[in-house]
Amino acid sequence: MGIELLCLFFLFLGRNDHVQGGCALGGAETCEDCLLIGPQCAWCAQENFTHPSGVGERCDTPANLLAKGCQLNFIENPVSQVEILKNKPLSVGRQKNSSDIVQIAPQSLILKLRPGGAQTLQVHVRQTEDYPVDLYYLMDLSASMDDDLNTIKELGSRLSKEMSKLTSNFRLGFGSFVEKPVSPFVKTTPEEIANPCSSIPYFCLPTFGFKHILPLTNDAERFNEIVKNQKISANIDTPEGGFDAIMQAAVCKEKIGWRNDSLHLLVFVSDADSHFGMDSKLAGIVIPNDGLCHLDSKNEYSMSTVLEYPTIGQLIDKLVQNNVLLIFAVTQEQVHLYENYAKLIPGATVGLLQKDSGNILQLIISAYEELRSEVELEVLGDTEGLNLSFTAICNNGTLFQHQKKCSHMKVGDTASFSVTVNIPHCERRSRHIIIKPVGLGDALELLVSPECNCDCQKEVEVNSSKCHHGNGSFQCGVCACHPGHMGPRCECGEDMLSTDSCKEAPDHPSCSGRGDCYCGQCICHLSPYGNIYGPYCQCDNFSCVRHKGLLCGGNGDCDCGECVCRSGWTGEYCNCTTSTDSCVSEDGVLCSGRGDCVCGKCVCTNPGASGPTCERCPTCGDPCNSKRSCIECHLSAAGQAREECVDKCKLAGATISEEEDFSKDGSVSCSLQGENECLITFLITTDNEGKTIIHSINEKDCPKPPNIPMIMLGVSLAILLIGVVLLCIWKLLVSFHDRKEVAKFEAERSKAKWQTGTNPLYRGSTSTFKNVTYKHREKQKVDLSTDC
């Protein structure tokens, strides 16, 4: 069953065509070289698996090797695998013993990876309830923090009370810092050194770098007492030496009292920026910070005037290494600076501090709750050359690609992460890396071991007889030749290294540039496009011309650069069919008799002919009409006149036959109307020589001649009749009009009433007119007499 599943796995890998070609074309000559091509490649160590010259064929996908005949037990194909060494279950609920708490699973494993391959791990993280907390309060005691010092005198009691609601195992400690006590950071006169505040006047302590005052303890009253006894100090410039203090608080694990199984919180309180890196060169301090603990017997930083300030990178390394979570509690003016620092430091948070630190308790509680609501992974160790990618699976199974952080988690919730590890190249050494949650001591230890070797390399036949009289060592199915020998079986000596016999011509490259010359013979390269062959590798089966993207039009085989067409095809591209079926028109004539069939398509030769079978030809007369002149001449002529019709028929390309016994197969029946309106019918046939013959000429349905006298009589009578009818109509219209006028006259005469005294037709001879131009004058009466 196991072998069957393994075979199925190999077959699955082999389904990718692109991958298959990559293995065989990689040019691998050894098993190790084959494995380096990619995780999909395998090597066949079986003896005589291929022709001795075909070493490259041993490297292929497992499926292809099986298909070529390689036995399964000879296939070298190491696969990536995960070996879990330690996988304790995650803790649930409260644990009495903090050493029994497990917050990450698994805890240890070995990862064996093929170069180029990837393996995905599942990592689970759960923050346990009631987890111990160590809080170290690191305070800036420069003169500007005097009011803050007074505010926190009872902080220990109040902080312990609030933290007891979140954990039953809480400890706190105290330390302070100011600045490096060297010029130009402080004044160096004896008075200023003894009392940096003498100019105020006010007494304060001499400037110091860092003092560890109270180790971590659960005695809150002791914390209050220590804070009450603190006095401020002073320096000149605004930035402080806080990063020196952070470094010492992080690395002095024994002095501070950090526990292994607890949450380490470092509360950094200041109202100013901090020096870092090469700022100390202003004071002539040039020795880089070594990241080690330098607290003397008085718990003071003894190398403050010797070592440079730590860089941000050094702080990150030591904070992560010692699982210290940094809480910046700074004033409004400094928030933006420390937010930039926090973006670089894993697990760091920033809180806004009031001028007198009045909100420090709420700030610490809020920062603690924020830290406990987040789960973020960090990677430590030798990761150079490794490719790691993360996918976070947070609340309700929500996926976050390329993220290794879950937010808004509750204590007791489980955050899962998919971690994909990839080695792009083969390495001879193993890698030890650590994947851990930020701020927690729990970690996953991961040993990454490259799988670059083949098992068959362990079995070596030195000076093997399989390698031509012991000229090499036989390993993994191939020979590794001794110096001075070469060839698949080490059969070639230095005297056989000439490549002249591998050249087709003296000026040609060896093996046409497409093969290797072994012992005077060409071993052609493999190609993803096909086979390369020939004594000089001069031939192949893929360099022929293409038609419509297909080699030899898909109708032939490519042989040494030339197309060999299959039956029924011809032409340079094998794209020309010899079949004429597609050229036959509906009447069964090839290209309708108007063209030639070329490569299965009609090429019309008659002017004006077109169509797939040249069936359309507006300028080509039909076969019947083209014979009209011949037929009409034959019917109308008699005796010697018929001889004249022979010439007309020759022009029409036809001959008239009087034979009645002829084959009507393939004949064309024609009907024409002659000049005498008679219907002429005849048949057109073609003899064996392709000549047109006209048979069975008949003239029928001739119309009778017209009766001209009767036509003339009819026309005359019709004209006479039309004239009589028109006269009658005119007479009727005139009579009707006269009667109407007489009736009208009679009606008007009956209505007339004449007066006896005056003739209505009489008009007087005198008319009176008024002069319209006369004004303001005596009225005159002008009588004008006008003759009517």
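Cβ from N, Cα, C; glycine included.
Model, not experiment: these values are computed from the prediction.
When the candidates Cys574, Cys597, Cys599 are compared with Swiss-Prot, only one is recorded as disulfide-bonded to Cys583, and it is Cys597. For the Ca(2+) 2 site, Swiss-Prot records Asn235, Asp237, Pro239, Glu240, and the single candidate of Glu179, Glu191, Glu192 listed with them is Glu179. Of the residues proposed, Asp60, Asp271, Asp273, Asp279, the one Swiss-Prot records at the same Ca(2+) 1 site as Ser144, Asp147, Asp148, Lys355 is Asp271.
Checking the recorded positions (Asn48, Asp147, Lys355, Cys678, Cys702) against Asn541 (N-linked glycosylation site) with a 10 Å Cα-Cα cut-off leaves nothing. Under the three-state DSSP scheme, Asn260 (N-linked glycosylation site) falls in the coil class. Reduced to three states, the DSSP call for Cys524 (disulfide bond) is strand. For Cys563 (disulfide bond) paired with Asn575 (N-linked glycosylation site), the C-alpha to C-alpha distance reads 10 Å. Each residue contributes its Cα atom, and for Cys583 (disulfide bond) and Cys617 (disulfide bond) those atoms are 16 Å apart. Local packing around the Cβ, expressed as the count of other Cβ atoms within 10 angstroms, is greatest for Ser142 among the recorded positions Ser142, Asn260, Asn396, Asn471. Ranking the recorded positions Asp148, Asn260, Asp271, Cys524, Cys537 by Cα distance from Asn575 (N-linked glycosylation site) puts Cys537 first. Per DSSP, the secondary structure of the domain 'I-EGF 1' (456-491) breaks down as 3 helix, 12 strand, 21 coil.
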